[in-house]
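To keep things clear, I will list the structure first and then write my remarks on it.
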């Protein structure tokens, strides 16, 4: 059975989710809601400065998109309750506006006829968060869920492997994170985050992130053991997690590498990757794994204190896992 999906919000993640869905036979995008008009929507789908041209045909007819010959309903509703998802048979909504991240607000999609909702960002209430490679097995039929953040999707699978094999006493995470749409091209007002208002292309900007603490929500055994921060850097895409942990069980760096490699080739294949190549950030543009362990970049001070490095395409990897979560909750 094909899962029919509606996308609310056609920004970076909305568009990359759409692109990724074109490569799957189990998911069909049937509707998009955004305040953009259809012609501009088609243009932004066709051309992408980071990921290149859309691989397929995109046309506009009678105010709707025709992609690879299939009609996709286009609406421009501010209130999700008015979206009439049932008219196009939507099973799951990908909530990608960043605006409806509580059960109460996301539930408007259910009111409008959708069966389930996946938030493409960390929830702002107790809506459960699910990360592939960490806690998909804990899904218990909830109709509204969150796919957490791109950084949590990188950190959680790695942290799980390390904790399951060696035990984590405590840890600090830094993500060196590519620029995102909320940042400014030149210095501008940002009342809640003064540093965040500085020019994105000119600065390395320290920032807060809830990604490490969120790992404690998807992996309760790590609750209170991890926290972290971010540096926003002047690159358009691909980020990297630096996880420094104290281990319960002593392990050489070679043993850690072996454990991660085994997981990447086994139960976490497609989520966790492993490389011993001399890679840099652009090598991961378009990477669908949400966490690729860089064996050469990590270091150990001793057998109980290590720094581990893992790469992620914060757009492509995350968007593919949004689709995996949609498929998982539709079983």
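Using N, Cα and C of the backbone, Cβ positions are placed for all residues, glycine too.
A quick note: this is a predicted structure, and the numbers were derived from the prediction, not measured.
Binding of NAD(+) is annotated in Swiss-Prot for 12, 13, 34, 78, 120; the matching candidate from 304, 314 at the same site is 314. Between 261, 296, Swiss-Prot assigns N6-succinyllysine to 261; no such entry appears for the others, which is not proof they lack it. Among 111, 180, 185, the residue that Swiss-Prot places alongside 149, 150, 151, 209, 210, 232 at the D-glyceraldehyde 3-phosphate binding site is 180.
Noted from Swiss-Prot: of 23, 71, 138, 269, the annotation N6-acetyllysine belongs to 138.
The two recorded residues, residue 12 (NAD(+) binding site) and residue 150 (active site, nucleophile), have Cα atoms 13 Å apart.
For residue 13 (NAD(+) binding site), the nearest of the recorded positions 115, 149, 192, 225 in terms of C-alpha separation is 149.
Distance from the CA of residue 149 (D-glyceraldehyde 3-phosphate binding site) to the CA of residue 120 (NAD(+) binding site) is 7 Å. For the D-glyceraldehyde 3-phosphate site, whose binding residues are given in the record as 149, 150, 151, 180, 209, 210, 232, the maximum C-alpha distance rounds to 16 Å.
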